[in-house]
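These come from Swiss-Prot:
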type     : residues      : note
COMPBIAS : 334-354       : compositional bias 'Low complexity'
DISULFID : Cys110-Cys187 : disulfide bond
CARBOHYD : Asn2          : N-linked glycosylation site
CARBOHYD : Asn15         : N-linked glycosylation site
MOD_RES  : Lys296        : N6-(retinylidene)lysine
TOPO_DOM : 1-36          : topological domain 'Extracellular'
TOPO_DOM : 62-73         : topological domain 'Cytoplasmic'
TOPO_DOM : 97-110        : topological domain 'Extracellular'
TOPO_DOM : 134-152       : topological domain 'Cytoplasmic'
TOPO_DOM : 174-202       : topological domain 'Extracellular'
TOPO_DOM : 225-252       : topological domain 'Cytoplasmic'
TOPO_DOM : 275-286       : topological domain 'Extracellular'
TOPO_DOM : 309-354       : topological domain 'Cytoplasmic'
TRANSMEM : 37-61         : transmembrane segment
TRANSMEM : 74-96         : transmembrane segment
TRANSMEM : 111-133       : transmembrane segment
TRANSMEM : 153-173       : transmembrane segment
TRANSMEM : 203-224       : transmembrane segment
TRANSMEM : 253-274       : transmembrane segment
TRANSMEM : 287-308       : transmembrane segment
Amino acid sequence: MNGTEGPYFYVPMVNTTGIVRSPYEYPQYYLVSPAAYACLGAYMFFLILVGFPINFLTLYVTIEHKKLRTPLNYILLNLAVADLFMVFGGFTTTIYTSMHGYFVLGRLGCNLEGYFATLGGEIGLWSLVVLAVERWLVVCKPISNFRFSENHAIMGLVFTWIMANSCAAPPLLGWSRYIPEGMQCSCGVDYYTRAEGFNNESFVIYMFICHFCIPLIVVFFCYGRLLCAVKEAAAAQQESETTQRAEREVTRMVVIMVIGFLVCWIPYASVAWYIFTHQGSEFGPLFMTVPAFFAKSASIYNPLIYICMNKQFRHCMITTLCCGKNPFEEEEGASTTASKTEASSVSSSSVSPA
């Protein structure tokens with residue numbers, strides 16, 4: 001084994017010289033230089049500096065403006081709540097531990113940090129799945145006369161929290177466990193060992209199938225069908241410029257949504273799966289740290305993709321920030337009018353942009 005396994009930790013370095021110490025008790029500067037921990041802390045501070053205001057603003061603006069309190073926006077708000085979970089449950093903890101160079105908060109802190117970070121990520125992931133299904137049902141109309149109501153939105157919210165907890169809670173209850181990973185100043189699921197009594201293998205397989213592969217398949221299916229529906233509507237109205245514009249708008253949104261999903265999850269999932277299937281192989285502390293912390297940037301681009309590209313929300317946000325006035329009102333108004341025209345045109349072909 002090219003690492004050192006101890007009680008509730010795994011350090012990716014062989015302890016041939018006796019230098020390896022518990023990541024709960026000693027600085028891990030033998031893994032990487034103190035400067036690397038400082039850079040990690042600075043990166044997390046940047047995510048908090050940007051992620052907290054934009055997600056808090058999303059919640060505040062929606063509460064402030066009644067016209068934004070639509071069933072679909074309930075799911076979008078759930079994304080903001082998930083991102084705030086990551087900010088408070090994971091990012092603040094990592095800043096503190098990276099300042100010390102090890103997981104100074106002990107096993108209880110590791111369990112809490114791992115749980116809240118996993119919960120926030122999973123709520124966000126399953127919120128995207130609910131959004132994809134909603135778009136498919138409303139736009140492609142596999143169920144005739146379906147209307148996404150407040151009850152559907154509430155069921156979607158409950159579903160995301162149930163699924164998120166079905167992934168984040170088991171390691172607290174003995175099915176797998178949370179341990180420090182990478183540079184040993186943040187915690188995640190134990191992909192690294194087959195520790196007796198924790199059944200890590202079965203949990204990791206369950207997590208990858210139910211909490212990665214299935215969501216990925218659902219998102220691709222729903223947005224693939226959405227793209228086909230928009231193209232069919234545009235083909236039926238070859239001379240309609242507004243329909244073509246609507247097709248481009250929906251296509252752009254779909255592409256950005258799928259790319260955001262893949263960019264966030266595939267690097268982390270790929271590295272985690274590699275470590276799980278190659279336990280005992282040699283890898284450095286940065287091998288898991290880089291994709292794990294890159295995935296945390298979802299707290300920034302989630303609201304940008306799913307909310308800030310919404311013209312109505314953008315108008316309300318500017319109005320809130322500018323004390324009730326929108327200095328770009330004429331431009332925003334023209335843009336909103338064009339958007340309504342496009343939506344109306346495409347709606348006649350049973351398609352509506354996001």
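Start at 1 and count along the chain as shown; that gives each residue its number.
The backbone N, Cα and C atoms fix where each Cβ goes, glycine too.
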Response to the item:
Cys110 (disulfide bond) has its Cβ surrounded, within 10 angstroms, by a count of other Cβ atoms equal to 25
Worksheet entry | Inter-residue Cα distance where the pair is Asn2 (N-linked glycosylation site) and Cys110 (disulfide bond), in Å | 23
Discussion item. Treating G and I as helix alongside H, and B as strand alongside E, what does DSSP give for the topological domain 'Extracellular' (1-36) in helix, strand and coil?
Written reply: 3 helix, 6 strand, 27 coil
Worksheet item: Would you list the DSSP helix, strand and coil counts for the residues of the topological domain 'Extracellular' (275-286)?
Response: 4 helix, 0 strand, 8 coil
Worksheet item: How would DSSP class Lys296 (N6-(retinylidene)lysine) in three states?
Response: coil
Worksheet item: Can you tell which of Asn2, Cys187 has the most other C-beta atoms within 10 Å, given these are the recorded positions?
Response: Cys187
Response to the item:
Note: in the chain of Asn15 (N-linked glycosylation site), residues six or more apart in sequence with C-beta under 8 angstroms of its C-beta are Thr4
Response to the item:
Three-class DSSP assignment, Cys187 (disulfide bond), comes back as strand
Worksheet, complete the sentence: Residues outside the topological domain 'Cytoplasmic' (62-73) whose C-beta sits under 8 Å from one of its C-beta atoms, at least 6 past its ends, are 131, 134, 148-150, 152-153, 312-313, 316, 319-320
Worksheet item: Can you tell me how far the Cα of Lys296 (N6-(retinylidene)lysine) sits from the Cα of Cys187 (disulfide bond), in Å?
Response: 13
Item to complete: Please give the sequence-distant neighbours of the topological domain 'Extracellular' (174-202): residues at least 6 beyond its ends with Cβ less than 8 Å from one of its Cβ atoms.
Response: 3, 5, 8-12, 23-24, 28, 31-32, 36-37, 40, 90, 93-94, 97-98, 100-103, 110-111, 113-115, 117-118, 272-273, 275-276, 279, 285-289, 292-293
Discussion item. Is it possible to get the count of other C-beta atoms within 10 angstroms of the C-beta of Lys296 (N6-(retinylidene)lysine)?
Written reply: 24
